[in-house]
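Chemist: Would you mind keeping the following structure in view while I ask a few things?
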């Protein structure tokens, strides 16, 4: 059975309906177990380099789970035990981009992934 890893592409107004803050994810796809995938998140409307950033995920029928956090300059990262050693969070402050490199995927990684600040 193949692993369906789904990414919901969205623009999230994080500070209310009037806000110009947006986080737009891309890169979701279907992958077989053991394969890799990289998710991207383009930020706009705020000083990206001034915020720690997060990835969270929601498995079908479940609540939100924290995946990983990266500090403002990318020098420190923290991971959920479920993804430690498999996923890598990184950022490109000059491009306002956040990334999640996912490897050794398993059926348990099937989820909608969201970036957040």
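Yeah, the Cβs are placed from backbone N, Cα and C, and that goes for glycine too.
According to Swiss-Prot, the signal peptide annotation covers 1-19. Per Swiss-Prot, region 'Framework-1' is recorded for 20-49. The feature disulfide bond is assigned by Swiss-Prot to 41-115. Summarising the annotation, Swiss-Prot assigns region 'Complementarity-determining-1' to 50-54. According to Swiss-Prot, the feature region 'Framework-2' maps to 55-68. Look at Swiss-Prot and you will find 69-85 tagged as region 'Complementarity-determining-2'. The region 'Framework-3' annotation in Swiss-Prot covers 86-117.
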Chemist: Report the mean pLDDT of the predicted model across the region 'Framework-3' (86-117), rounded to a whole number.
Modeler: 96
Chemist: Are there residues of the same chain, six or more positions away from residue 41 (disulfide bond), whose CB falls under 8 angstroms from its CB, and which are they?
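Modeler: 23, 24, 25, 26, 53, 55, 97, 98, 99, 100, 115 - these are the non-local Cβ neighbours of residue 41 (disulfide bond), listed in sequence order.
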Chemist: According to DSSP, does residue 41 (disulfide bond) sit in a helix, a strand, or coil?
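Modeler: In three-state terms, residue 41 (disulfide bond) counts as strand.
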Chemist: Determine the Cβ neighbour count for residue 115 (disulfide bond): the number of other Cβ atoms within 10 Å of its Cβ.
Modeler: 24
Chemist: DSSP on residue 115 (disulfide bond), three-state: which is it?
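Modeler: Its secondary structure by DSSP: strand.
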Chemist: Tally the residues of the region 'Framework-2' (55-68) by DSSP class, grouping H, G and I as helix, E and B as strand, and everything else as coil.
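Modeler: Here the numbers are 0 helix, 9 strand, 5 coil.
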Chemist: Could you give me the DSSP helix, strand and coil counts for the region 'Complementarity-determining-2' (69-85)?
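Modeler: Final tally across the stretch: 0 helix, 5 strand, 12 coil.
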